[in-house]
Amino acid sequence: MTIMKKRVRKRLSPVQLIAAGFFILILFGGSLLTLPFFSRSGESTHFIDALFTATSAVCVTGLTTLNTAEHWNSAGQFLIMTLIEIGGLGFMMIPILFFAIAKKKISFSMRIVLKEALNLEEMSGVIKLMIYILKFAVVIQVIGAVALSVVFIPEFGWAKGIWFSIFHAVSSFCNAGFDLLGDSLLADQTNVYLIMVVSALIIAGGLGFIVWRDILSYHRVKKITLHSKVALSVTALLLIGGFILFLITERNGLTLVKGTFTERLANTFFMSVTPRTAGYYSIDYLQMSHAGLILTMFLMYIGGTSGSTAGGLKTTTLGILLIQMHAMFKGKTRAEAFGRTIRQAAVLRALTLFFVTLSLCVVAIMVLSVTETIPKTSGIEYIAFEVFSAFGTVGLTMGLTPDLTLIGKLVIISLMYIGRVGIMTVVFSLLVKANRAEANYKYPEESIMLG
């Protein structure tokens, strides 16, 4: 058995191990959720619905075909929370935790896989970073649970209040969007404190662990990496820019929120936060303006930062594209920012990611427009919203998910998986000779007319 495991590990590349690991975790979680033990009714759950829930949990999305509060009992909800935690932090955290407890040395091959899982340039310090991520995640989620308990314990009592606080702290930090309230934060849209606590947890989880390490260690090293500078800049741009645009398109939530000016302001800010990629909602998206829906879809498509609990195209990818565009407009060929030159390979990768992921979403919209029924009161945005939500692992919905056909469910499952694992990881895992070296010769160059 040990020899067979070693052979499998040798045959699989690091990216294939990551893709396979998430896939196996989803299948395992989905199989468990079919058991009568986890449902309130005591009956078995249909495999596709269980698989959909497991995929949504592991890929920290939040889209569900079954109501989490009504269908699953406490054991089922705990299993979903566990899948969210493992999926959010990365399944490779499990062996790291066991190795740390047992005080055993981690193999070189596992270090390579960890490097790929975190999208790191080099392998030095990868174990220290993983342990740091674990500690940071635990501390933030504990603080979040305590902050949420101020709301949930008075409302639901000690036992249920503590459980709700823990579940929603984990779901918020991991940008999952699963809720036990039945209708997300819609009934609590006037609770500014709750909205701001959830917003803080979402931002903390979506910002990226490497960025947080740079921020928290700045007082010692007085240095922030280019990755963190780009991530922080784009995150601020999207949060502030999104907030201002939602103020305009939704008139500060005048038609969406029944509350005071401050309460509407908090909800407008939340509209900018939650598409990045949490899935909690405090307003009815069916009532949102078309301009607001387009902005929400854009934010869902971009998602969070690389090396975080979020999905989507990623803020750093958008940052590189914007920097390259700025360079082109100034007549330069090199992408430069913060006194550094971005590698050409990174620019090409960003362009590839943008084209491939957007094409994937367009194809998915076309497929679902054939297989699904669009209400007479809605248009193609009804399907497009769900597609971008799934790819960005967001979890916001206009109501399509519960009524998906079998093909529709499989399409959304695939989008959630690709959005979490990464399109490049999925593609490279399917290529047998993905790491084949470039030929040592070069063809003659020739220009092509553009624009």
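Quick reminder: no glycine exception, Cβ is built from N, Cα and C everywhere.
Record features, source Swiss-Prot:
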- 18-38: transmembrane segment (TRANSMEM)
- 46-66: transmembrane segment (TRANSMEM)
- 78-98: transmembrane segment (TRANSMEM)
- 133-153: transmembrane segment (TRANSMEM)
- 162-182: transmembrane segment (TRANSMEM)
- 192-212: transmembrane segment (TRANSMEM)
- 230-250: transmembrane segment (TRANSMEM)
- 293-313: transmembrane segment (TRANSMEM)
- 350-370: transmembrane segment (TRANSMEM)
- 380-400: transmembrane segment (TRANSMEM)
- 410-430: transmembrane segment (TRANSMEM)
- Message: How about long-range neighbours of the transmembrane segment (410-430): same chain, 6 or more residues beyond its ends, C-beta under 8 Å?
- Response: 13, 15-16, 18-20, 22-23, 26, 48, 51-52, 55-56, 58-61, 63, 87, 116, 303, 311-312, 349, 352-353, 356-357, 360-361, 364, 367-368, 371, 386-387, 390-393, 401, 404
- Listed stretches 192-212, 230-250, 293-313, 350-370, 380-400 vs the transmembrane segment (133-153), most Cβ pairs under 8 Å: range 192-212
- Ranked first among 46-66, 230-250, 293-313 for CB pairs under 8 angstroms with the transmembrane segment (192-212): 293-313
